[in-house]
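K.L.:
Sharing a structure with you now.
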Amino acid sequence: MTELFYDDDADLSIIQGRTVAVIGYGSQGHAHALSLRDSGVDVRVGLAEGSQSRAKAEAEGLRVLNVAEAVAEADVIMVLTPDQVQRHVYAESIAANLQAGDALFFGHGFNIRYGYIQPPADVDVALVAPKGPGHIVRREFEAGRGVPDLIAVEQDPSGNAWALALSYAKAIGGTRAGVIKTTFTEETETDLFGEQAVLCGGASQLIQYGFETLTEAGYKPEVAYFEVLHELKLIVDLMVEGGIAKQRWSVSDTAEYGDYVSGPLVIDAHVKDNMKAVLKDIQDGTFAKRFIDDQDAGAPEFKALRAKGEQHPIETTGRELRKLFSWIQNDDDYTEGSVAR
């Protein structure tokens, strides 16, 4: 049975009595650090020398150190750098500065699940993973609400890791919404599967094939874009609000009937078989090895796939159409048409 925890189940004073280092200041890093600070926690940010995020963190009133210094000062270390660099950051700046009784926290279980990071046995190892992007985590915290978190404990030599993880989750707003107990393995494997088979890989490929099908049949690219990409948000928002049932309740009878009779023609049984193959590669480490090996080689496959995706005709059409969308807010960190970060 799924275990859920809320504010009354967590003691904020536990994390308030610790010294926290947040390593990284990206999407999740800024949300964690700022919310911890606002919850009365002694927090500092650890960044690599020359990091472009230093000025942003300092401008928001946070104390910034290099990673080794931040870890040496802290007894709770939350690692929020990208998966592919975590093991390097750990080896170069974290491992030598860990002390017995410290707690090593992660926002995603990848490096623990696949053994790229192997902490010493006298250190607590836990996971606190908000189920939303950092700007939403921070926005909801400031509004007095929260985003649900997943929490897990891999090592608990202190006997206090669960209580500490719950306290940390409370400090970033997670227990306001609800915290679900899981494992590093379950969080990592389901997260990767969701990204690859449905949310990112599956959805992106479905949209591109839909666009190609319509334009190859002679329909205008602009009309195809609206029908297979732009309106997707409307459908997903309904699903988020009330599941697939509310989406079907909200659309026309024609759309609902088409959902039932045509959906299984497009997403048929062989797609589920393909999903099982994707899951197997995640479970046995094939995907993780492919990703890390490519990153270690300079990411040639990753860069080639990214460039290919950017060149798809739907991107050209979308760039022109979005100029008409007065309601879209520009993101200062994003360059239109580019996936590179």
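Placed from the backbone N, Cα and C atoms, the Cβ positions cover glycine too.
Sharing the feature lines straight out of Swiss-Prot:
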- H108: active site (ACT_SITE)
- Y25, G26, S27, Q28, S51, S53, D83, Q84, V85, Q86, G134: NADP(+) binding site (BINDING)
- D191, E227, E231: Mg(2+) 2 binding site (BINDING)
- D191, E195: Mg(2+) 1 binding site (BINDING)
- S252: substrate binding site (BINDING)
- 1-182: domain 'KARI N-terminal Rossmann' (DOMAIN)
- 183-328: domain 'KARI C-terminal knotted' (DOMAIN)
K.L.:
Which residues in the same chain, at least 6 apart in sequence, have a Cβ under 8 Å from the Cβ of S27 (NADP(+) binding site)?
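P.N.:
Expected: P133, G134, H135.
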K.L.:
So how far apart do the NADP(+) binders Y25, G26, S27, Q28, S51, S53, D83, Q84, V85, Q86, G134 get, largest Cα to Cα in Å?
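P.N.:
19 Å is the greatest Cα spacing among the residues binding NADP(+).
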K.L.:
Which ones are near H108 (active site): of the binding-site residues Y25, V85, D191, S252, which have a Cα within 10 Å?
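P.N.:
Final answer, ordered: D191.
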K.L.:
Spatially speaking, which of the binding-site residues D83, V85, E195, S252 is closest to E231 (Mg(2+) 2 binding site)? Use C-alpha to C-alpha, please.
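P.N.:
It is S252, whose Cα lies nearest.
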K.L.:
Sorry to bug you, but what's the C-alpha spacing from D83 (NADP(+) binding site) to E195 (Mg(2+) 1 binding site), rounded to the closest Å?
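P.N.:
Cα to Cα, E195 (Mg(2+) 1 binding site) and D83 (NADP(+) binding site) are separated by 14 Å.
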K.L.:
Does Y25 (NADP(+) binding site) have same-chain partners at least 6 apart in sequence with Cβ under 8 Å from its own Cβ, and which are they?
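P.N.:
Residues satisfying the criterion: A33, V45, L47, S51, S53, R54, K56, A57.
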K.L.:
How many helix, strand and coil residues does the domain 'KARI C-terminal knotted' (183-328) contain under DSSP?
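P.N.:
Secondary-structure breakdown of the domain 'KARI C-terminal knotted' (183-328): 124 helix, 0 strand, 22 coil.
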K.L.:
Whole-number answer please: how many Å between the C-alpha atoms of D191 (Mg(2+) 2 binding site) and S252 (substrate binding site)?
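P.N.:
A Cα-Cα distance of 33 Å.
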K.L.:
Looking at the domain 'KARI N-terminal Rossmann' (1-182) alone, can you tell me the average pLDDT?
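P.N.:
Over the domain 'KARI N-terminal Rossmann' (1-182), the predicted model scores a mean pLDDT of 98.
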K.L.:
State the count of C-beta atoms found within 10 angstroms of the C-beta of V85 (NADP(+) binding site), not counting that atom itself.
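P.N.:
That number is 14.
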K.L.:
At the Cα level, what's the spacing in Å between D83 (NADP(+) binding site) and S252 (substrate binding site), rounded?
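P.N.:
One finds 43 Å between the Cα atoms of these residues.
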K.L.:
In whole Å, note down how far the CA of V85 (NADP(+) binding site) lies from the CA of the residue listed as 'substrate binding site'.
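P.N.:
One finds 48 Å between the Cα atoms of these residues.
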